[in-house]
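Inspection log for the structure reproduced underneath, given as structure tokens.
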């Protein structure tokens with residue numbers, strides 16, 4: 001697989017490229033039916049569950065409104081330029097992350113494979129969050145809501161309908177519903193427990209929904225995103241209108257927007273702001289790069305970049321108003337400070353929010369709306385992660401896969417089936433610990449390394465000059481000086497700083513007060529290595545196959561293989577005169593064919 005996923009470097013032989021070299025043309029690449037479909041799909045990919053739980057949590061922990069200062073700064077100097085970079089590479093190469101990254105910097109071709117690996121790992125456990133949302137959605141049709149009181153078989157003697165300041169109760173009704181009813185969680189990762197059949201069946205349902213939305217590729221996904229990308233805003237606005245009328249809501253909103261300026265002196269706040277922009281937009285995951293490969297060659301990249309990134313951040317701020325108004329209401333009911341209400345991660349969505357809805361008028365209506373919104377947000381992001389895997393494998397093994405599966409629809413079904421089976425540990429009684437372990441070592445550890453090498457490959461190895469020429473060929477003008485400076489200096493420096501502080505401040509995975517044992521942490525590192533190990537392996541593989549001395553190998557390995565002849569750049573054709581896959585070597589006097597990369601076969 002490594003050979004084909006790395007631009008199919010062959011046996012190491014070289015072949016001179018001639019203008020009339022014969023090559024088999026790949027099947028024509030589908031495009032979005034309308035360009036608005038890509039924009040909506042991009043918004044759906046960027047806007048996800050992290051906007052609803054991670055952003056509000058960071059705001060509350062980092063000084064409320066003070067967090068918005070570094071957050072917005074990082075958006076403009078890091079998020080927007082890097083998204084512009086990824087969309088440009090995807091649209092120009094018209095390939096998924098594997099082939100796109102291999103073409104711009106063969107030495108770091110493993111970055112593309114790592115993007116596919118990390119997206120596949122994330123789609124396995126991310127769909128478990130969608131499974132939980134479906135479970136809560138179905139439960140929301142009961143009256144009263146099952147987490148509204150402590151008169152249920154799963155409740156403990158220490159349960160209370162809602163926490164009261166100074167009380168001796170140790171858990172609320174919503175906490176016990178999440179832990180003891182839905183999850184039936186064990187005491188630790190060492191106790192696997194049994195399969196939660198209800199969750200397993202809902203997990204299958206979740207994957208069926210994903211399959212039905214993506215099995216036709218961009219033609220089916222493009223139609224679904226009209227609803228899944230837009231409907232969450234209807235619910236968010238409805239929730240906000242309802243929440244601001246509740247007692248205590250003003251205190252919650254004040255807590256959200258009034259800054260604690262002293263917090264800006266903390267380096268953590270700035271690093272968290274950059275990391276939130278980075279993870280929210282999805283730089284390094286390959287999702288938006290893969291989806292942009294289905295754009296028309298002359299699509300306006302900058303317009304899509306600004307639309308996706310700005311709407312993503314505005315959604316986070318809108319969600320902040322919704323969440324903190326609910327926090328204020330909960331603080332009013334329970335008589336405890338707002339700071340004691342916020343819970344990071346899934347607990348914020350599945351414990352704190354349900355507890356707030358349980359005390360609202362028409363509780364069932366608001367609960368149904370909220371969890372349906374979570375379902376839509378989750379589906380959009382899941383589409384993108386699965387599409388990375390499908391696009392990359394189809395780019396590399398199209399003919400082989402068609403020989404086996406006959407139709408692309410059956411191949412997509414196989415991908416969804418395998419991911420569903422791999423998600424079974426997450427729906428066992430030990431599932432919450434498996435989920436936390438996978439999330440910590442994938443979303444926190446792996447993605448930082450992956451993004452660092454992606455920026456190095458594109459911004460420094462490939463170069464800002466080449467990237468700007470590509471954008472000019474597609475859109476008629478070079479990116480302005482702001483983007484070129486961000487690509488050349490600001491983005492690489494910021495990514496390096498984030499990576500360094502992530503390593504310095506790294507903490508082992510934990511779930512609430514439970515600390516994972518050493519063997520579980522080892523499993524977590526194996527999960528992390530399952531993606532980032534491809535970066536050094538790809539580099540070794542490239543150097544091994546290239547001819548010449550080590551210095552010559554290094555020089556060739558950072559020379560782009562597939563670029564436009566019009567821009568006087570190296571040009572790659574797959575296969576030598578005998579059709580055998582090989583490495584193209586271009587001499588300085590070679591006449592480059594006037595053929596855009598969008599028509600080049602990798």
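Note that Cβ sites are derived from N, Cα and C of the backbone, with glycine treated the same way.
Outside the transmembrane segment (38-56), and at least 6 residues removed from its termini, the chain residues within Cβ reach (under 8 Å) are 32, 129, 218, 221-222, 225-226, 228-230, 232, 256, 276, 279-282, 287-288, 291-292, 294-295, 299, 304, 307-309, 311-312, 315-316, 319-320, 323-324, 342, 344-346, 348-349, 374, 377-381, 383-384. What TrEMBL records for 38-56 (among others) is transmembrane segment.
Residues annotated as Na(+) 2 binding site in TrEMBL: 44. A C-beta separation below 8 Å, combined with a sequence spacing of at least six in one chain, links residue 44 (Na(+) 2 binding site) to 225, 228, 229, 379, 380, 381, 383, 384.
Around residue 47 (Na(+) 1 binding site), the same-chain residues at least 6 positions away in sequence with a Cβ under 8 Å from its Cβ are 229, 232, 311, 312, 315, 377, 380. The Na(+) 1 binding site annotation in TrEMBL covers 46, 47, 51, 280, 312, 377, 380, 381.
Remote same-chain partners of the transmembrane segment (68-89), defined as residues 6 or more beyond its termini with a Cβ less than 8 Å from a stretch Cβ, comprise 59, 100-101, 104, 259, 264, 269-270, 273-274, 276-278, 280-281, 283, 288-289, 292, 295, 301-302, 304-306, 308-310, 313, 317, 455, 458-459, 467, 470-471, 474, 479, 482-483, 486-487, 490-491, 494-495. The transmembrane segment annotation in TrEMBL covers 68-89 (among others).
Marked as transmembrane segment by TrEMBL: 110-138 (among others).
According to TrEMBL, the disulfide bond annotation covers 150-159. Its Cβ placed at the centre, residue 150 (disulfide bond) has 19 other Cβ atoms within 10 Å.
Only residues 6 or more beyond the boundaries of the transmembrane segment (197-215), in the same chain, are considered here, and those with a CB under 8 A from a CB of the stretch are 127-128, 130-132, 134-135, 138, 182, 221, 224, 228, 379, 382-383, 386-387, 390, 408-409, 412-413, 416-417, 419-420, 423-424, 426-427, 431. Marked as transmembrane segment by TrEMBL: 197-215 (among others).
Per TrEMBL, transmembrane segment is recorded for 224-241 (among others).
Same-chain residues lying 6+ beyond the ends of the transmembrane segment (269-294) with a Cβ under 8 Å from its Cβ atoms: 29-32, 38, 41-42, 45-46, 48, 50-51, 54-55, 58, 62-63, 66-67, 70-71, 73-75, 78-79, 82-83, 86-87, 89-91, 93-97, 100, 112, 115-116, 118-119, 122, 217-218, 263, 301, 304, 308-309, 312-313, 316, 384-385, 387-388, 391-392, 443, 447, 450-451, 454, 494, 497-498, 501-502, 505. The transmembrane segment annotation in TrEMBL covers 269-294 (among others).
Positions annotated as transmembrane segment by TrEMBL: 306-330 (among others).
Per TrEMBL, the feature transmembrane segment maps to 365-390 (among others). Remote same-chain partners of the transmembrane segment (365-390), defined as residues 6 or more beyond its termini with a Cβ less than 8 Å from a stretch Cβ, comprise 41, 43-45, 47-49, 51-52, 96-97, 115-116, 119-120, 122-123, 126-127, 129-130, 133-134, 136-137, 140-141, 145, 209-210, 213-214, 217, 221, 224-225, 227-229, 231-232, 235-236, 238-239, 242, 282, 285-288, 290-291, 349, 353-354, 357, 411-412, 415-416, 419.
Per TrEMBL, the feature transmembrane segment maps to 410-435 (among others).
For the transmembrane segment (441-460), the list of distant contacts is 82, 85, 89, 101, 104-105, 107-108, 111, 114-115, 118, 121-122, 125, 278-279, 283-285, 467, 487-488, 491-492, 495-496, 498-499, 502, 506, 509, 524-525, 527-528, 531-532, 535: same-chain residues at least six beyond its ends, Cβ to Cβ under 8 Å. Annotated transmembrane segment per TrEMBL: 441-460 (among others), in sequence order.
According to TrEMBL, the transmembrane segment annotation covers 481-502 (among others).
Among the features that TrEMBL reports, transmembrane segment is placed at 522-546 (among others).
For residue 159 (disulfide bond), the nearest neighbour among the listed binding-site residues (46, 51, 280), judged by C-alpha distance, is 51. The highest number of surrounding Cβ atoms within 10 Å, among the recorded positions 46, 159, is found at 46. Cα distances from residue 150 (disulfide bond) to the binding-site residues 46, 51, 280 are smallest for 51.
Between the transmembrane segment (110-138) and the transmembrane segment (306-330) there are fewer than 3 Cβ pairs closer than 8 Å, counting only residues 6 or more apart in sequence, so the two stretches are not in contact. Other C-beta atoms found within 10 angstroms of the C-beta of residue 381 (Na(+) 1 binding site) number 26, with every protein chain shown included. Proximity of distant same-chain residues to the transmembrane segment (306-330), defined by a Cβ-Cβ separation under 8 Å and at least 6 residues beyond the stretch ends, is recorded for 39, 42-43, 46-47, 51-52, 55-56, 59-60, 68, 71-72, 75, 79-80, 83, 162, 233, 236-237, 239-240, 243-244, 246-253, 255-256, 277, 280-281, 288, 338, 341-342, 348, 352-353, 355-356, 359-360.
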